[in-house]
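J.: Not my notes, these are from Swiss-Prot:
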ACT_SITE  H12  active site
BINDING   E32, D34, D48  Mg(2+) binding site
Amino acid sequence: ADNRRPIWVMGHMVNSLAQIDEFVNLGANSIETDVSFDRNCQVLVVFDLKTGHRWQFGGITNKVLNEAAYK
């Protein structure tokens, strides 16, 4: 039996779609980001509790995020 586990190369604290592309191009096979959704499942913000920084992701839908996941 093959008991090997995958190695995760994670893009950490990704805060824009451009950064997603950047990390994927650098070899990341997973992305860590914080998102919030409104009642219509629209992405509202990315928020870093440690620094207090807040980024707006206006107009990005679940469809866009799902498409980014399958590039």
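The backbone N, Cα and C atoms fix where each Cβ goes, and this holds for glycine too.
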J.: Which residues, sitting 6 or more apart from E32 (Mg(2+) binding site) on the same chain, put a CB under 8 Å from its CB?
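T.: Correct list: M10, G11, H12, M13, V14.
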J.: Out of H12, D34, which of the recorded positions is least crowded by other Cβ atoms within 10 Å?
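T.: Among the recorded positions H12, D34, the lowest count of other Cβ atoms within 10 Å belongs to H12.
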